[in-house]
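I have placed the structure first, in the form of structure tokens, so that the comments after it can refer back to it.
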Amino acid sequence: MLLHALRSRGAPAGCALLALCTLMAGYADLWRGGTDLAAALLTIGYVVCVPLAILVAGGALGAERQEAGAPPYRAAAVVSLAVLALYAFTLAPTTAMWDASEYIAAAKVLGIPHPPGNPMFVLLAHAFAQATSLLPVSLTYAARVNLLAATTSALSAGCWFLVAHRSLHEFDMPRVPRLVTAAAAAWIGATAFTVWNQSVVNEKVYTVAMLGLAASAWCALRWHDTRNDAFLVLIAYLCGLGYANHPAGFLPVPAVGLFVLLRRPGTLLRWRTLSAVALLLGVGLTPFLFQPIRAAHRPVINVGEPTACVGAPELSCTFSAETWTKLMSNVSREQYGGHNVAVRQAPIGAQVGMWWQYFEWQWMRDAWQQHPRVQQLVALCVLALGLFGGVRHFQRDRATFAFVAPLIFTLTPALIVYLNFKYGASQAPELGDSVNREVRDRDYFYLWSFATWSVWVGIGLGALWQQLARRVTWARTSVVMSLALVPVMLNGASASRRGQAFTALWARDLLQSVEPNGVLITNGDNDSFPVWYAQFVEGVRPDVTIALVPYLNTDWYARQLLNRPPVPYDGSGIAAYRALRTNTPATAFGTLTAAETDAIPPYLQLPEPARFQHAGIDAVIPAGYLTRDQLMVLQFIKSTFPARPIHFSIGGYPRGIGLNDYVVTQGLTQRLLNEPAASHPEYLAYPGGHLDLERTRALWQTYGAPGALLAQGTWIDAPSVSIPAAYVITGQLLGFASRAVGDSATGGAVLRQVDRLSRAAGLQQ
């Protein structure tokens, strides 16, 4: 009945009108400051109504039912559900390192994360989290956003199943072996380490991007088989919408374009089709309108602040040249510099080597290199199976090969050249710091490479099964397909995030190390985004003002900090804080104004050491250059200290501005003093600093992350190991200091715990 109604004469206009009204209502609510309703309407409009209108207008909806040998959508659904079950079982219950906390928090507050801002993801994640709150199971907000990653990745697996099944059309396989082979292809891709690991925590937006890629791949094959240009129009829309999620949304374009040229070049002469493609591509890009409208309402996460409006959106400022310039700066990631592919950041051989290292990880993630030869052997077998599958694909079905092969080429060698990475964070360790390196491993940029390669791996397995079955029977040789289970068996321990709560507890511990109404100066992703999550999602210590050092180099961030009203201390800290003055400050940074922060230069040269004097501090800043963030921190100190406590996160930031003698280690932070730490006999000296033993002991007893790390057992991400290392260092200071004052029992217990933490983090390797 529904399909009949949608194929009726007035249905195309009705669906288009429904899509238009839904989107307009969503933007109207967003304009007035709405969040939940706006996100729900815009998500429904973009994800459901517009694609439905395209398919109905093109007469493509339901055509499969009238087609002989219709695609096995029910089997695809079963595959997706099986993959989703695996992901749900291994789902992270909360946040994780790197960008996960930023994106979860941005979804919660309907904010704007770092460029390009990912507006489609923010809308989708906010709406999905709201919808899944109605489920009859209790899930944290983070788990609900993580479930979005699992769901989109599982749907991608269903699409890859369909692509593999269609690619096997000319293989002369019986129905069941063909279904099993396609399922194996999808399952291998879904259990590749990076795909699996990214699907159980929403660290990035890439699983959403992969769904757009996989759906576009399936639409390309449907376009070929049905000769219906509605599928091309839908691909254009999905690419635009995918770009509004992440620039990877355009990845299908080269393969689809070549496919059209090779299989049906006359399509490029149909102006109506081309006009529809251009129009719907533009419609798919319209979620970027979200950014200036929402930015004008000043959400607490408003990176780049892409608006010229102050206070609320208005037509005159929202559609002004200034807003356009700021928006384009965000979308083009201007703050990260250009992307000159011609100037290689590493030799092309090293860049291919980086991809190969990540390829080896996919089928057996050997995080601490305990079995490198076995890992390499498994990877070579998977490579050989994929090449064998590609050759058989070319021999049996040139039509689908004409799409799948260019897609794999785009997502592997072409992508390697385009991304132009430096040496990987864990690549060629023997070169040390003699080469420029990425700050972390970038395997997630190739997750679609591994997923699409798995299509050929599955085909290769199926072709091998077919050869064996010619000698015996399909049933008796089916054991060969059990090879598809190798990745799930070898990656289970490393890809799963089940029960992992370290990052959320690390953020709590870090915030609780700060005195009431304090300012916390943080250094980067892993000590900044988790505290955003803790504050904005879980409501932990909102009285603490977070100042993220890399963003202090921008003018918009300093203004946001000044305009953010202080929040009263909630009394959730350690008992020692109760004796402190906890009056809520009237402003975030005293009398400091936006005009003063705007006047701070990008850098200041100091030809000789300079003195910094304030409130008892008489420090010497070493000669050299002070960057804008350092100048900003010194200005913060002048305007707000000692009225507000100032703490520095892990790292040596105070030393760079001459304040090392004026800080004391307090738990996971260094607290600023208004006199030298050496003048306090209660602070114990250690090489390079001083320790507040009593405060650190009290804080250590409340820290939850050490227990979470021990329960987790291993730490597989070497570039972020500095975070568990912070506990090891703090624990060592506490343990040895306790022994030094005669408390051998406490010191010994802490040092034994530190030893276990060090082993779990892999620091002893």
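Each Cβ is built from the backbone N, Cα and C atoms, and glycine gets one as well.
The structure displayed is predicted, hence computed values, not measured ones.
Database features (TrEMBL):
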TRANSMEM  38-61  transmembrane segment
TRANSMEM  73-92  transmembrane segment
TRANSMEM  141-164  transmembrane segment
TRANSMEM  176-199  transmembrane segment
TRANSMEM  205-223  transmembrane segment
TRANSMEM  230-251  transmembrane segment
TRANSMEM  271-290  transmembrane segment
TRANSMEM  374-394  transmembrane segment
TRANSMEM  400-421  transmembrane segment
TRANSMEM  444-465  transmembrane segment
Quiz prompt | Among 176-199, 205-223, 271-290, 374-394, 400-421, stretch most in contact with the transmembrane segment (444-465) (C-beta, under 8 angstroms) | solution = 176-199
Exercise. Sort out the residues at least 6 away from either end of the transmembrane segment (176-199), same chain, that have Cβ-Cβ distances under 8 Å to it, and list them.
Key: 72, 75, 79, 82-83, 86-87, 90, 149-150, 153-154, 156-158, 160-162, 164-165, 168, 206-207, 210, 358, 361-363, 365, 443-444, 446-447, 450-459, 461-462, 465-466, 469, 474, 478, 481, 484-485, 487-488, 491, 494-497
Quiz item: Who are the long-range neighbours of the transmembrane segment (73-92) in its own chain, taking Cβ under 8 Å and residues 6 or more past its ends?
Solution: 64, 142-143, 146-147, 149-151, 153-155, 157-159, 161-162, 165, 179, 182-183, 186-187, 190-191, 196, 199-201, 488, 492, 495-498, 500
Quiz item: In the same chain, who gets a Cβ under 8 Å from the transmembrane segment (230-251) while lying at least 6 residues past its ends?
Solution: 46, 50-51, 54-55, 57-60, 116, 118-121, 124, 205-206, 208-209, 212-213, 215-216, 219-220, 222-223, 260, 267, 273, 276-278, 280-288, 410-411, 415, 448
Quiz item: So which of 205-223, 271-290, 400-421 has the most C-beta pairs under 8 Å when paired with the transmembrane segment (38-61)?
Solution: 271-290
